Amino acid sequence: MADNPKAPTFIKEGSGDLESQRRNEQVNREVGELVTRKSLSDQLRENSKKKRQQFQRQTKEKNSFTRVSNDDLDHINKVKLDELEKLRNFSQWAESEERNRRKQLQLLQQPSTPEHTNKQVISKNDPIPTSIKVRKLKTSNGAKNALGVISKPKHKKTDRTQKK
């Protein structure tokens, strides 16, 4: 077997030279020592700067979710304007339909005889009847029977009904 067993050595990928690896480690140690030698005020200043940058990154990320882009804002405003235009068009249509209905109502209310050719003027404040009332015809019992309607005769009050 082997007389001198060597311990396996692991080499960093990309640097095959042990000397360059040792130099890099020495430089890293020196830089670490420089970082630890900072005064307390320098450390506090650096920490506050890091925290401020971290807070600004978080705020920027949060705002990117909650704020609306200019394109989206333009689209929303366009949709609102379209809705307002539709509402205006509908109200104009409704007003024109109301005017037409009033004219037709006025024409229906005018007498058909040639003696009454003067036109009545209807203002917007005049109430328009919305319900139609139908009068009931008064009929006698004989007319009801002639129409086929049979009703029970009314009972006169008797002693039994008066006692209760």
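In case you wondered, yes, glycine gets a Cβ from its N, Cα and C as well.
As written in Swiss-Prot, here are the features:
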COMPBIAS  19-47  compositional bias 'Basic and acidic residues'
COMPBIAS  58-72  compositional bias 'Basic and acidic residues'
COMPBIAS  111-123  compositional bias 'Polar residues'
REGION    1-72  region 'Disordered'
REGION    95-164  region 'Disordered'
For the compositional bias 'Basic and acidic residues' (58-72), the DSSP helix/strand/coil residue counts are 12 helix, 0 strand, 3 coil
Residue numbers, six or more beyond the limits of the compositional bias 'Basic and acidic residues' (58-72), whose CB comes under 8 Å of its CB atoms: none
Go ahead and report the DSSP secondary structure tallies for the compositional bias 'Basic and acidic residues' (19-47): helix first, then strand, then coil. 26 helix, 0 strand, 3 coil
